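> This is the structure I have questions about; it appears just below.
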């Protein structure tokens, strides 16, 4: 669950400061760029569902006026870097819009979100299927092999997360999506037809590589084709679709109790969105930013026409040109991440994902069905589906609070709630007085835990990292943070069952609770609030020039 994956290359296109709208008009060559953004409403379609600008089909909890800005606006913005006082300063302002756009980015965002759905589906599908595939493959008593089946996908994701950005830079965003469909499809097919543990592990490894690539290119593509005003919200939409993918995987597992061989169908269903992703991206426009960086100017103009309408070509092209001229400081190397200038901020980014995993979220996602069964709940798969629904609900609520409560406060609320929920779960398995209610408390505690996670610990890191990382280190710093995420995810998935067998579920849950309390202390002392602050303010505080 992640998710929290947001990789932005170079920040030479549209900026990330979607909260700051500057008034006035000045020359494109000057340091401060501003414009007025006109908000329009229009009819759009995502996944074939008709909707107006006030609705996505799934309520994101935002006020009507904000959502109209999100899905009906054609306002463009950019990030413009200049050198001042020896620092790399970023500022963002929307481009001036003279009329209603004849293009729309929403259908292409919908296609990209198929990658996010697959991300969540492959993480969650093993939850209900593990017991049944273990019996079919003859490993019902071998928790170590079962752990490898769970965790191999995470090892593949670690590899994919580092290669996704490289492929996207070399071949383009849409072609990388099409290439990504290959390991996703082949992996799903091998899992569906596996007659041995080796075939299953290879299939899981390939799907892991596929979702690792998706974790990098889905938010990258969305950020590069979307107006600045909606980039933060669409970052939450990416996380929302990951949660939806997990929920779909849990719901698809409901027929397992009556049909044990259904687990093969569960893995096979992932072939459908994989193929649709490849087909959809074959007809989707390439990122104008990437095309411009490759010197393919005419193709960039064609892409802009499809995304925003022909009346926006001059504006967007002018923005890309000005942004390219404004880039002064070269991209940092890997060793620069550990320099005195960036060491602190990079450590904060890595810690966000380290703490996220030590809090136990993926152990809950992968093994909630087994935990519910041990608590005596007969409808264990249905209970796990309830957990997935809580995750989706919490993420929609978080999207409306992100720019109101602030990132740091949501993280603190989230980890505090997670700690309390884990303590409740731990006590429900140990206090004899609670034994008659252990089943109910197991469901209640797990749902509250996932709900708390989805309010902050899940979506905030994906939005926070692009804000705290300076532009010249952003791509590599995010890749490093994702690497920490997938490594921890791998080991937790691999050893969770073995540790539970040795120490008991109550002790493990109490360990997760303590990790959440450590996170509260760390966030209080190290994470800065980025709500309402410009990137230059954040950079001056976290990455001052030497």
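Just so you know, glycine gets a Cβ as well, placed from its N, Cα and C.
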> Any idea which of 42-62, 63-83, 84-104, 105-125 is down as transmembrane segment in TrEMBL?
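Checking TrEMBL against the ranges 42-62, 63-83, 84-104, 105-125, the transmembrane segment one is 105-125.
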> Which one of these stretches, 345-369, 370-394, shows up in TrEMBL as transmembrane segment?
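Of 345-369, 370-394, TrEMBL gives transmembrane segment for 345-369.
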> Hey, does the transmembrane segment (234-256) touch the transmembrane segment (441-465), meaning at least 3 C-beta pairs closer than 8 angstroms, sequence gap 6 or more?
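Result for the transmembrane segment (441-465) with the transmembrane segment (234-256) is yes.
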> Can we call the transmembrane segment (503-523) and the transmembrane segment (345-369) in contact, meaning three or more C-beta pairs below 8 angstroms at a sequence separation of 6+?
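These two stretches do touch.
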> Sort out the residues at least 6 away from either end of the transmembrane segment (145-168), same chain, that have Cβ-Cβ distances under 8 Å to it, and list them.
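5, 7, 9, 122-123, 126, 130, 133-134, 139, 176, 179-180, 183, 197, 200-201, 204-217, 220-221, 290, 366, 475, 479, 482-483, 486-487, 489-491, 493-498.
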